[in-house]
Amino acid sequence: MAPTFYHYHPLPMDQKEPGCGIRWRCLAAASVLILVALVIPLIIFAVKANSEACRDGLRAQEECSNTTRLLQRQLTRSQDNLAQAEAQASTCNRTVVTLQDSLEKKVSQIQEKQALIQEQEAQIKEQEAQIKEQEAQIKEQKAHIQEQQVRIQKLEGEVEEFEQKLKKLRTAEEASITSKQNSAGSMAVSSLLVLAVPLFLLF
C-alpha cells in the first residue's frame, strides 16, 4: 500500500483553539469569585467597623455633649458662687472699713483720754508738791508757834516772878516807909513796869 500523508491546513493566527477561551473564562470567573469571596468579608468587616466606629463616635459625641452640659452647669454655678463671693467680699470690705473707722475713733478717744489722764496726773503731782510744801510750811509755822509758846511761857514766868518781887517790894515799902516813901515806891513800881513792858515786847 502506498503511504498516506495527512495534510493539515494551516490555521490563521487569529483563530485559537476553543478550549483556550473556556480556560480563560473559567480563570476569570474563578478570580472573580475569589475576589467576591474576599471583598464581601472585607465589606462586612468595614461595615461593622464603621458601624462600631459610628456608635463609638455617637457615644463619644453624647459623652462630650453631656460633659459640656455638666461643665456649663458647673461654670454657671461657679459664676454664681463667684458673684456671691464678690458680694460677700464687698460686704466684708464695707464692714472692715466701718470697723477700721470705729477702731480709729476709739483709738483717738483712748489717746485723748490718756492725754487727759496724763494732764490730771501732772496736776495731781503738782498739787502733791504744793501740799508737801504747805505741810513743810505748816510744820515750820508749828515749830515757830511752839517756840513762841515757849517764849511766852518764859515771859509769863518772868512776869510772875516780877509781880512777886513787886509784891514783896510793896509790902516791904508799906511796912517801913511812910506815905511819902509809899508815893516814891509807887513811882518806882511804875518805872519798873514801864521798863518791863519793852522787855516783854522785845522777847
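Residue numbers in this text run from 1 along the chain shown.
Cβ from N, Cα, C; glycine included.
What Swiss-Prot annotates here:
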- 1-26: topological domain 'Cytoplasmic' (TOPO_DOM)
- 27-47: transmembrane segment (TRANSMEM)
- 48-183: topological domain 'Extracellular' (TOPO_DOM)
- ASN66: N-linked glycosylation site (CARBOHYD)
- 66-178: coiled coil (COILED)
- ASN93: N-linked glycosylation site (CARBOHYD)
- SER183: GPI-anchor amidated serine (LIPID)
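Counting residue by residue with DSSP, the topological domain 'Extracellular' (48-183) contains 134 helix, 0 strand, 2 coil. Cα to Cα, ASN66 (N-linked glycosylation site) and ASN93 (N-linked glycosylation site) are separated by 39 Å. Summed and averaged per residue, pLDDT over the coiled coil (66-178) gives 88. When other Cβ atoms within 10 Å of the Cβ of ASN66 (N-linked glycosylation site) are tallied across all protein chains shown, the result is 10.
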